[in-house]
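Colleague: Mind looking over this structure? Questions follow.
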Amino acid sequence: MTEVKSPEVPAPPAAVPSELTPGGRWGRVRPFLPLVALAVALTLPYSTLHLPGIFEGALNEPGTLQLLAVCMVFGGLAAGYDLLFGRTGMLSFGHALYFAAGVYGTDILVTKAGLPLWQAALFTITGGTILAALIGAVALRTVGIAFAMVTLAFAQVGAILVARDFGGLTGGEEGLPLDVSGVPEALVGVTNTVNLYWLALAYLVVVVFVVHRVSGSPTGRVLAGLRDDERRVGVLGLDPYRFKLVAFTLAGGLAAAGGVVYCLIVGGASPHITSSELTLSLLVMVVLGGPGTRWGPVLGGILYMYLDHRLVAFGASEAVDALPAFLSRPLSQPLFVLGAVFILAVYFFPGGLASLAPRLALLRGSLRIPSRGR
Amino acid sequence: MTEPVLSVADLSVRISGLHILQGVSFTVAPTGVTVLLGRNGVGKTTTLRAIVGLTPRAGEVHGTIRMGAQSLLARPTHRLVRGGLGYVPEDRCVFAGLTVAENLRLAERRGTTPAYDRVYALFPELDRRGRQRAGSLSGGQQQMLAIGRVLLNDNRLLLIDEPTKGLAPKVVTEVAEVLERVAESVPVLLVEQNLAVVRRLARDAVVLAAGKVAWTGDAQELLLETGLTKSLLGVGSAEVHH
Amino acid sequence: MDTIILLTLTGLGLAALYFLVASGLSLVFGLADVLNFAHGLFLGVGAYATWWAAGNLPGAGGDGFGFVVAVAFGVLAGTLVAVLVELVLIRPLYSRTIEQVLVTVGLSLAGVALLQATWGADARTFPRPEWTRQVTNVLGANVPNGGLLLIVAAVLVLGAILTFLRWTRYGLVIRAGVENREMVTALGIDVRKAFTLVFAIGGAAAALAGALGSVYFGTVSPGQGGSLLIFAFIVVVIGGMGSVVGSAYAAVAVGLLQQFVNYYGTSGLGDICVVGLLAVVLLLRPQGIAGKVATA
């Protein structure tokens with residue numbers, strides 16, 4: 001008559017709040033992990049450690065630090081994008097636009113208009129935020145897939161504007177190297193890469209802080225409500241449009257700020273950052289990491305960019321070269337590997353990396369308590 | 001007592017965290033109309049959709065549903081329908097952009113002869129309006145088409161969800177007449193709010209309240225007991241007496 | 001006058017290309033709710049398979065009947081890939097819309113990278129019959145034959161799809177399924193078979209677009225599908241998801257607008273106007289010009 005429920009829980013939904021993960025020793029250590037990670041991040045530039053296979057040079061070499069800085073910027077970007085996708089349920093395909101606005105805005109204002117960096121950054125972030133607010137105001141009149149298409153189309157305008165080089169501002173296909181004479185000396189040159197690393201770390205920390213504050217606030221709970229069931233929020237007398245616009249604008253502003261940092265790290269702007277591919281990559285990062293989770297998107301962003309860079313070296317490595325051509329050639333394409341991993345992740349780890357820990361905990365739990373019934 | 005055509009046992013449906021049905025059990029007799037009653041939002045439509053396998057993906061279904069010896073749960077909808085479970089959904093759901101004839105043709109199945117004579121005998125209008133777009137039919141005509149579409153094939157059981165909803169009183173009577181004739185040859189599980197129609201058609205009644213079965217038994221008896229109908233359905237049966 | 005005729009016909013050529021990509025996208029979206037980012041991959045497969053066949057397949061070549069064989073091979077390859085994608089990757093995620101979109105996103109990234117790994121990132125010269133490089137004089141304007149070929153192909157494909165939808169059993173199932181998929185299954189029809197079919201149709205049309213588009217441009221490159229895809233998406237949205245005829249109208253509007261504004265305005269302005277058109281249509285008629293009929 002009654003079915004005995006076995007202790008295992010059905011596959012966790014996409015958003016597994018990390019607070020709900022089962023306890024144990026691991027559970028006691030867990031809350032401190034981000035602090036440990038931060039401490040590691042803070043000490044990295046002082047370490048001369050060699051990690052062969054993971055990084056090419058020592059940890060404190062400029063090459064390694066630059067890669068890490070790029071990874072952290074994308075960790076922050078992914079966290080910001082997750083504010084839309086994972087936490088509010090908005091599938092935007094145009095997030096690259098605000099990031100690109102940040103990169104090109106800074107670059108153009110410094111290089112072409114000759115503004116000092118801090119002014120350029122200020123104007124760019126303000127401008128990027130306003131841009132997001134304007135486009136959001138239009139795009140959010142649609143929902144679901146139509147919203148995805150509209151944001152994609154607007155981002156395409158950005159890509160066209162950059163590629164066609166209107167007014168000779170963007171440098172077209174060639175991109176626009178940053179004129180460093182307007183940039184404080186501490187942020188210029190190979191020897192100062194460590195300062196860019198600090199900047200990227202600061203950006204990541206700020207984004208994570210903002211995103212967590214927002215999602216913990218009453219606004220964040222409304223956003224989560226929108227994700228789960230928009231009508232229910234409407235019934236409460238709250239205007240979904242306004243809340244979504246707030247999230248959209250905030251995420252756009254955070255992306256523009258990331259653009260400013262990225263522009264400094266790579267020393268200029270190139271048109272590929274305007275492509276829809278970048279937005280798709282953000283989506284991949286968030287899904288790989290675990291949408292709507294506390295640390296998943298950050299991890300996903302960092303890991304994705306790391307793999308994207310390192311897989312080039314992996315593809316050129318002897319181990320891959322030794323394989324037959326039909327294997328070695330695809331493996332030498334980072335996007336092939338990442339795309340394939342992504343597809344597998346959608347099938348087998350719907351909650352992303354963040355769902356792995358609770359799953360492992362469940363596994364351990366079910367091993368300890370022999371399951372009854374069934 | 002004869003074997004029921006359908007038996008539902010301990011059926012629970014949860015959709016995005018809401019327990020809509022909590023252990024519903026009832027049977028449908030092999031002849032006549034069994035009516036599923038209850039106030040709005042009590043889970044009548046959810047019950048029918050669970051039987052025919054149309055619970056949304058976010059929903060979980062537990063319990064057993066059997067038609068004869070066969071378990072229906074976890075089988076895809078089109079298989080169930082081919083196995084003789086006819087379903088006429090709430091709001092009719094005819095294909096508005098297709099013609100009447102195309103709507104009917106869609107229900108044809110390979111290997112069986114579609115019973116157009118049966119359908120056109122019940123609804124001569126569908127024959128006359130074959131080339132008309134279904135979206136331009138009146139509500140009553142759309143309901144006829146929705147029922148006709150299902151009657152094109154032989155069924156072991158019909159599930160019909162609120163066939164008189166939103167129809168003019170005269171049309172309600174027409175639909176009730178048709179259902180009466182249909183029920184002569186095939187058992188029907190009917191969801192219906194109009195108690196006059198229930199009085200006319202139903203033999204057995206199952207009343208749902210708060211996701212559970214609150215009452216089962218003879219439908220006419222239920223309608224006679226004013227207190228009972230009032231407490232279960234929120235209407236006095238006096239309202240049924242014209 | 002010559003200029004206007006030339007612009008109109010080249011605009012229609014572009015429209016033809018958009019339509020070939022958009023018709024399949026629209027059907028796939030309308031029926032299966034799958035926003036298919038991998039559609040550009042079908043186009044790339046069609047183009048590269050044609051290119052490969054022209055050089056390597058016995059009987060196929062770059063000219064005359066051999067070219068027809070090469071294109072047929074390309075279309076077949078595109079169709080096969082589309083069917084495989086549906087069966088292996090999309091079907092197991094039936095009715096899980098977001099996951100399906102994500103899978104097609106992953107596929108588009110991986111697929112283009114695979115083309116790139118196999119044939120290199122750079123554009124390659126496409127073999128094409130001599131006559132497609134020439135022009136035909138239409139009312140005083142010299143119109144490239146490659147463009148005219150695209151227009152003829154698109155009209156034929158439009159006719160074929162409409163005939164199929166109108167007169168066949170599966171066409172009926174697809175039309176009904178675009179309106180209300182659930183109700184189709186409730187009539188005892190396995191609607192998933194129709195999914196495979198629309199993927200096949202879409203894959204074939206996209207592969208044809210890949211082959212003939214490469215003839216028109218004279219080159220083939222891995223990223224080709226991606227940039228076309230965005231405009232094809234716009235065409236689908238403007239035309240109304242699920243409507244083939246709507247896609248045809250929208251493709252013509254987008255192609256002409258783009259061509260004329262790019263010529264009379266600054267280059268690139270036409271592309272931006274197209275996005276403007278999209279925004280206007282969406283704000284006025286969110287369901288597109290011939291959108292899904294709301295089920296009553």
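A Cβ is built for glycine as well, from the same backbone N, Cα and C atoms used for every other residue.
The transmembrane segment annotation in TrEMBL covers A:32-51, A:63-84, A:96-115, A:121-140, A:147-166, A:186-211, A:245-270, A:282-307, A:335-357.
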Colleague: When you check the transmembrane segment (A:96-115) against the transmembrane segment (A:335-357), do you get at least 3 Cβ pairs under 8 Å, counting only pairs 6 or more apart in sequence?
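Modeller: They do not touch: fewer than three Cβ pairs between the two stretches lie under 8 Å.
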Colleague: Restricting to CB pairs under 8 Å, which listed stretch, A:32-51, A:63-84, A:186-211, A:245-270, A:335-357, is in contact most with the transmembrane segment (A:121-140)?
Modeller: A:245-270
Colleague: For the transmembrane segment (A:245-270), find every same-chain residue at least 6 residues outside the stretch whose CB is under 8 Å from a CB in it, and list them.
Modeller: 66, 69-70, 73, 76-77, 80-81, 83-84, 87-88, 90, 92, 95, 98-107, 117, 120-121, 124-125, 127-129, 131-133, 135-137, 139-140, 170-171, 175-178, 180, 183, 187, 196, 199-200, 203, 206-207, 210-211, 214, 219, 223
Colleague: For the transmembrane segment (A:63-84), which recorded stretch in the set A:32-51, A:186-211, A:282-307 gives the largest number of Cβ pairs separated by under 8 Å?
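Modeller: Selected stretch: A:282-307, with the most Cβ pairs under 8 Å.
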Colleague: Which bits of the chain, at least 6 residues beyond where the transmembrane segment (A:282-307) starts or stops, bring a Cβ under 8 A of a Cβ in it?
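Modeller: For the transmembrane segment (A:282-307), the far contacts come to 14-18, 34, 67, 70-72, 74-79, 81-82, 85-87, 93, 95-96, 204, 208, 212, 227, 334, 337-339, 341-342, 345-346, 351-355.
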